[in-house]
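What TrEMBL lists as transmembrane segment is 39-63, 69-91, 112-140, 160-182, 189-211, 231-249, 270-292, 320-345, 366-386, 392-412, 447-467, 479-500.
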Amino acid sequence: MKGKMMEHTLIEQEQDVSESRALASFGYQQQLHRKMGRFASFAAGFSFISVLTAVFQLAGLGFSFGGPAYVWTWPVVLGGQLLVALCFAELAARYPLSGAIYQWASRLANPVFGWFAGWIMIIGQIVVMTSAAVALQVVLPEIWSGFQLVGGDPSPTSSSGAHNAILLAGILMTLTTIVNVIGIKLMYIINNCGVVSEITGAVAIIILLLVHSRRSGEVLASTGTIDHAGYFGALLCASFTAAYVLVGFDSASEMSEETHNARRIAPRTILRALSAAGVLGFGIIVVTVLAAPSLSDGRLAGEGPAYVVATVLSGATGKILLIMVAIAICVATLAIQTAGSRMLFSMARDRRTLFHAALSRVPRRTGTPAAAAIAIGLGAIAVLLLNLGPQAAFVAMESTCIIIIYLAYLMVTGAMLFNRLRGEAVFIAGAVDDHGQRAFSMGRAGLWVNVLAVGYGAAMFINLIWPRQAIYDPQGGHWYLQYFPLVFTAGTLVVGAVLYSAVHRGPQQVHGTQWAMVPAAE
């Protein structure tokens, strides 16, 4: 047994040396500690998606627009995102670098294009981190009233609820920043344990609510009170739930420089993380509809699955499941911050950010970009303080952050398609990695998958950014909230342009060279 462990360690060390050489071919040194295995890589992608966190936050939104039948928007969005994930998996096998979206866009297009993709992702990750952290307010007061430290109304839309959310989220983000600064080993141990807890909790919720079903599956064909003539538009709005949840699977590739045999592992864990989250999320929203005490009293639309779990599974069982949801929220916040810090680090080491020397520094002892993690944490806390102002403005920002992540994804798949149409050799089928193993490839299907991924991404981006009053200004009377998606996206690009001009003076070049895969021997 001991001999096998030593042999496995030696093989891993040889792989790490080989991967360090491969990293050098891109112009980079191995600074980050390569500690993560297959499950840790999977956990990085799965915990960013955090199906329990996002579904408990957003399932009510989908039900409010589409009624019970909204659940069928989930597999449609999952199918579209799997197309995108297949493209990302192919890129992860060829460019196993931290800051994946930034690196891929830079190498597929040009450094300016890549910089904007990275900038957009960083802003999206900061706001998503804040959004995940404030979800504690939805769960913790349900577990114990003592978690309501400010005022008496725990509703996130109330003044006391919003202020309490700031306090809880601020504490959580401080703790996740400390963990990220300490080092990768502690981060992935916590992340792995959290993912096990989340998967266990999700499966338990599905089984227990299914046992307590109050209605048959026929209800899933019901459109509620919406007439069929206007139902397509309602479904487009209802699809926001799945669209908001099923993002972040690229985080597995963000950790490539910290993953053993990343070229082989990262592509597969991207697909597994999205698939697992997609199946579990679909199961939760279905059983929530089947087990809800009422579909017409407005509580499912207003309070989401937390209300169903707390009502149907009252007592110790319900509390335990809500605790698992709270753990998932904490781990999601940690994972999102980790991914954001790798993106910022990757751009900084190319000298493409302000304060790049500090942000790209990696202490030898910890092997983690501490300054970048602190910067992401401070950015998220700054966004969090917006919750002190009008609640509608904070909700609008939460709702909009996913849009720019879809834009960054579209920039990558679009640039990838352009390269395919030019016949770039990097996507040749039958290529091998630096260990002589066949690299992940979609083969001849790659072009059509890429075309469909771009088409889906463009359609969903338009769907999300469309200024619908029902989504972004449900109370009415605030034009700036209705058009906030357009304003926020344009503002992100304008601020990015100003920042880019401040950072870059003279011709810029991404470090390293584009690595072309070698065809496998016949």
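Cβ atoms are placed via backbone N, Cα and C, with glycine included.
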Checking 69-91, 160-182, 320-345 against the transmembrane segment (392-412) for Cβ pairs under 8 Å, the most are found for 69-91
Checklist entry - Are there three or more C-beta pairs under 8 angstroms joining the transmembrane segment (270-292) and the transmembrane segment (69-91), sequence spacing 6 or more? => result yes
- Query: Does the transmembrane segment (160-182) reach the transmembrane segment (479-500), going by 3 or more CB pairs under 8 Å (6 or more apart in sequence)?
  - Reply: no
Lying 6 or more residues past either end of the transmembrane segment (112-140) yet within Cβ distance under 8 Å of it, the residues of that chain are 50, 53-54, 56-57, 99, 101-106, 147, 154, 156, 161, 164-166, 168-169, 172-173, 247-248, 304, 306, 322, 325-326, 329-330, 332-333, 336-337, 339-340, 343-344, 346-347, 352, 376, 379-381, 383-384, 387, 397-398, 400-402, 404-405, 407-408, 411-412, 415, 492-493, 496, 499-500, 504, 508, 510
Tertiary contacts of the transmembrane segment (479-500), defined by C-beta under 8 angstroms and 6+ residue spacing from its ends, are 112, 115-116, 119-120, 123, 354, 392-393, 396-397, 399-400, 403-404, 407, 464-469, 472-473
For the transmembrane segment (189-211), out of 39-63, 270-292, 366-386, 447-467, most C-beta pairs under 8 A are with 39-63
Given the transmembrane segment (231-249), its same-chain partners at Cβ distance under 8 Å and 6+ residues beyond its ends are 45, 48-51, 54-55, 58-59, 61-63, 65-67, 69-70, 73-74, 76-78, 81, 85, 88, 128, 223, 270-271, 273-274, 277-278, 281, 285, 335-336, 339, 399, 402, 405-406, 409, 460, 463-464, 468, 470-471
Long-range Cβ contacts under 8 Å made by the transmembrane segment (270-292), restricted to residues 6 or more beyond its ends, are 42, 44-46, 49-52, 54-55, 59, 62-63, 68, 70-71, 74-75, 78, 81-82, 85-86, 88-89, 92, 199, 202-203, 205-206, 209-210, 212-217, 219-220, 241-242, 245-246, 249-253, 299-300, 304-305, 307-308, 312
